[in-house]
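If you scroll down you'll find the structure; I have some questions about it.
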Amino acid sequence: MAYIRAHETSQKRKGRAVKRYEVVWREPVRDDYGLPVPVDPANPSGKSKTRARQESFTTREDAEARRDELNAAKHSGQTSALAEQKKAGDLPFGYYAQAWIESQRVKVSQGRLKQRTLDDYEKVLRRYSLERFGGQAVASVSPRDCEHFLADLAARNLAPKTVKHAWLVLRAVLKYATRHGAIPVSPTEQVDFSTGHAVGDREAFQHHPLTAEQIAATARIVGERYPVYELLAYFLPYSGLRKAECAGLEIQDLEFTTRPGPDVFGTTLCVVHVRRTKDRKGGQWVTSTPKSRKSRRSVPLPPWLAERMRAYVAEHPRAEEPTAPLWPSRKNGGRRVKGERTVAELDWSQPSELGTWFETILAPALVESGLPVSCPARNGQPAQRGVRLHDYSRHTFATMQLSAGVHFMQVSQWLGHAHYSLTLDTYGDWIPSEDGGALNNLPEPTPVPESAVPEPSNVIQLFGR
């Protein structure tokens with residue numbers, strides 16, 4: 001229970017010491033999900049850790065109002081400890097958030113949900129929902145609270161897609177609480193919020209695909225320090241693989257054949273088989289399946305790149321190991337001088353983390369070649385829109401193939417899109433007219449001939465025809 005503690009200060013007023021009134025109370029220490037932290041981790045249902053809190057006021061009236069507010073909240077379950085909460089609705093929002101995450105982990109173990117999707121759920125939950133509702137009793141979350149939540153997201157100037165994801169995760173947790181009898185109906189159902197398209201007032205996102213000449217210039221700069229990564233700088237835009245798909249490639253995923261050609265050796269062909277993805281989570285590599293069923297695919301490389309890949313694999317230090325990573329990482333450590341580029345030793349035991357590779361190797365090469373690089377707002381500088389890794393690899397691959405006359409359905413298969421409509425929506429401007437692209441062939445309008453003015457007649461027509 002909160003109580004008031006008065007004490008005299010060193011200040012004087014009318015010859016008397018000025019008093020201050022402190023409202024003192026204890027509240028449970030909570031984790032990221034808003035749940036009380038037990039004193040003994042081995043006994044999570046036992047006594048919880050608490051911490052002392054206090055607030056100072058200049059008048060007793062203000063102190064009493066704050067004390068009464070805290071005590072009323074304690075009795076309503078908003079700040080009570082978990083051991084004192086007897087009703088499901090008095091449990092904090094964080095309790096159901098954690099339980100919902102556990103239910104999603106079951107889906108991951110059954111192959112019904114991707115691990116990276118669950119990781120995104122947790123990240124969005126921690127960043128937005130738990131920040132506001134973590135320790136609040138789930139039954140006390142009102143539609144008005146949800147509207148304030150949306151208003152706060154809008155005030156951050158977040159992208160509509162980010163607001164949508166934050167809202168969907170909040171709605172999923174509250175629906176989970178509804179199914180388990182904590183609340184009769186989810187408050188999100190009473191909020192007028194649509195996850196559909198906006199009216200179009202917001203500036204549309206612009207892709208930044210590269211041309212073949214820009215790719216060559218960028219790859220040449222990368223090759224000045226890392227010849228191996230120069231080949232990777234060509235491989236990404238000419239294969240169109242996603243970041244995790246490229247990191248998941250192994251020696252066994254390249255299939256080389258030879259087609260009869262003009263010379264005695266013939267023409268080298270190479271097909272890249274996309275079978276797995278790899279993401280780095282918590283310092284460890286996590287292997288998973290591709291994004292969708294159609295993401296399991298085979299992508300042919302152009303003959304000139306196939307020949308280079310054959311030579312690269314022949315000199316690969318682990319070429320005899322089918323499961324060895326195709327692209328190496330870099331070793332940490334070594335002497336580094338601020339402002340100077342250093343060349344780190346390659347690490348062939350693990351794949352390259354392409355997010356870091358883009359920031360430290362490819363992005364500087366793009367800037368040196370005169371191209372803008374996308375970066376978030378930081379240190380008071382506004383965000384800059386430019387080339388991202390996704391632009392460099394997938395968007396560049398798609399636009400070059402479509403501009404070369406490859407049918408959009410074939411390009412969609414190489415990209416691993418779940419539906420052809422996604423390819424049309426994203427790259428419709430690059431589709432040639434003979435393959436269904438936009439072409440305005442409306443004919444020129446023919447003017448209507450002017451009717452001749454009849455000559456006046458002295459004959460009066462008595463009956464109509």
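Using the three backbone atoms N, Cα and C, a Cβ is placed for every residue, glycine included.
No curator has checked TrEMBL annotations; they are predicted automatically.
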Looking at 33-66, 271-304, I want to know which stretch TrEMBL calls region 'Disordered'.
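That would be 33-66, the stretch labelled region 'Disordered' in TrEMBL.
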Would you mind listing the long-range same-chain contacts of the compositional bias 'Basic and acidic residues' (52-66), meaning Cβ under 8 Å and 6+ residues beyond its ends?
2, 4-6, 20-27
Using DSSP, break the region 'Disordered' (33-66) down into helix, strand and coil residues and give each count.
7 helix, 11 strand, 16 coil
